[in-house]
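Student: If you scroll down you'll find the structure; I have some questions about it.
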Amino acid sequence: AEGAGGGDAAGKTSGAGKSGGAGGGKSSEAEGSTPDAATATATSAGPGELSAWTLSGNMNTLVEAMEALSAASGESAAEDVARLIDSSDNEYVLSSPKHAMELQQDLRLVADIVTMVTAAAVGGLVFALFRQPMITGYLAAGATVGPGGLQAVKELVQVETLSQFGVVLLLFCLGLEFSMTKLRAVRGVAVAGGITQVAVLMLTCGALSKMFGAPVAEGLFIGAFLSMSSTAVVLKILGEKDQLATLYGQITVGTLILQDLLVGVFFSLLPVLGGDTSGGFVALCALAVRIALFVAGAMFVARRAVAQLLRALQRLDGSSGELFQIGMVAFCLVVAWASDALGLSIEMGAFVAGAMVSSTGEAERVLHAVEPIKNLFTALFLASIGMVINPHFLWLHLDILLCSLVLTITAKTALFGTVVRAFGYSAATALSVGMAMSQIGEFAFVLLSRAS
């Protein structure tokens with residue numbers, strides 16, 4: 001049956017009938033009824049009144065009812081949606097086409113972004129005046145306006161999702177500064193030493209769990225996420241102090257890169273810790289294959305296409321730099337998305353994207369182009385981490401907080417420093433690396449949420 005009227009025929013909301021199309025779309029009659037015997041009741045609610053028509057006969061009458069219903073709904077200020085109910089209680093919804101293309105702005109999200117950026121700017125300024133790292137100001141700003149503070153931010157998930165661009169661009173810039181020549185000099189301590197540090201911490205926590213009667217698997221998992229350090233935080237501080245090129249900076253960066261790669265391994269090991277050994281082994285093998293394919297494909301593209309892409313952007317862009325900047329950000333996001341599509345981390349993809357550009361010799365120009373965008377999103381990311389902090393909760397559990405803080409920092413500093421010292425580096429270098437790696441990174445939250 002053909003429906004005609006000023007509104008769209010949206011879907012049936014109850015009963016056995018069907019409807020579809022817009023502005024004169026098709027509407028099939030209810031099961032068990034015929035066009036000659038169609039009986040329908042159409043209602044449209046206005047402010048304080050109810051208009052109704054009871055119609056019977058052929059389908060022309062039904063068409064007239066829909067037209068009358070559309071006119072009545074246009075006069076209604078209280079309800080924009082009109083409904084048509086037939087004799088079998090099939091309900092059809094008519095909506096006005098004038099609202100179909102109306103764009104809705106999320107003003108609440110806009111207000112939250114303004115709040116976060118402003119708070120981060122104020123927090124960074126205050127801590128900079130006292131000659132403290134601005135990253136601490138960003139964290140404090142997030143804690144102040146977050147759920148545990150003034151509760152000025154409402155749409156937490158959207159803000160945290162948007163802030164992940166800061167991590168992606170931070171890892172992209174790290175890849176741009178990545179020097180295989182410098183890292184090759186510390187690959188022993190970064191790879192072998194990094195794996196040793198993680199293994200020792202996992203085994204120690206597993207042994208302590210068994211000693212206190214807890215499941216060994218839980219102890220191993222606790223050791224895994226405790227071994228993770230924050231790549232974003234450490235790189236931000238090393239960059240502010242201009243110590244990325246130092247010996248201890250290169251060792252720290254190499255170890256952090258290894259930990260980022262191990263995050264995917266830990267995700268694959270979660271089924272094993274849960275008792276599913278067969279599934280965990282298969283997942284681990286599949287992860288190794290995906291990493292190998294991704295790295296090999298990235299190396300191939302870097303040699304064949306990245307340099308040509310950079311030259312084309314420079315030639316088309318001229319002296320403004322706008323197209324070059326947007327093109328590089330897009331390249332970073334595409335490679336990061338490809339990494340995520342393969343089941344690897346977005347952070348790994350962003351780092352590989354930076355390393356691909358670094359191999360062309362244009363790293364300095366690209367870094368200068370994307371750094372302003374990176375700084376904005378990095379500040380937003382760090383402020384979003386601060387939103388996790390609940391000052392009132394920490395104050396109520398201050399004794400546990402201080403004990404855990406001292407134990408974690410002391411144990412990780414001693415462990416990382418001992419391993420670095422065992423590879424023949426000086427005590428000062430070992431202590432610097434140990435202190436840089438002594439905190440727990442944001443990937444611990446990711447592992448905890450995934451394990452639960």
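Glycine residues also receive a Cβ, built from the backbone N, Cα and C atoms like all the rest.
It should be emphasised that the depicted structure is a prediction, and the values quoted were computed from it without experimental measurement.
Grabbed the feature section from TrEMBL, which reads as follows:
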- 17-26: compositional bias 'Gly residues' (COMPBIAS)
- 30-48: compositional bias 'Low complexity' (COMPBIAS)
- 118-451: domain 'Cation/H+ exchanger transmembrane' (DOMAIN)
- 1-51: region 'Disordered' (REGION)
- 109-130: transmembrane segment (TRANSMEM)
- 156-176: transmembrane segment (TRANSMEM)
- 188-209: transmembrane segment (TRANSMEM)
- 221-239: transmembrane segment (TRANSMEM)
- 251-273: transmembrane segment (TRANSMEM)
- 279-302: transmembrane segment (TRANSMEM)
- 323-356: transmembrane segment (TRANSMEM)
- 376-393: transmembrane segment (TRANSMEM)
- 400-419: transmembrane segment (TRANSMEM)
- 425-448: transmembrane segment (TRANSMEM)
Student: Considering only Cβ pairs under 8 Å, which range in 109-130, 188-209, 221-239, 279-302 makes the most contacts with the transmembrane segment (425-448)?
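Tutor: The stretch I would name here is 221-239.
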Student: So if I exclude everything within five residues of the ends of the transmembrane segment (323-356), which remaining residues of that chain have a CB under 8 angstroms from its CBs? That is, six or more out.
Tutor: 164, 167-178, 231, 257, 260-261, 263-264, 286-287, 290-291, 293-295, 298-299, 301-302, 306, 309, 313-314, 316-317, 363, 365-366, 369-370, 373
Student: Can you tell me which parts of the same chain pack against the transmembrane segment (156-176), counting only residues 6+ beyond its ends and a CB-CB cutoff under 8 A?
Tutor: 106, 109, 112-113, 116, 146-147, 231-232, 235-236, 253, 260, 329, 332-333, 336, 346-348, 350-358, 363, 366-367, 370-371, 373-374, 376-384, 387
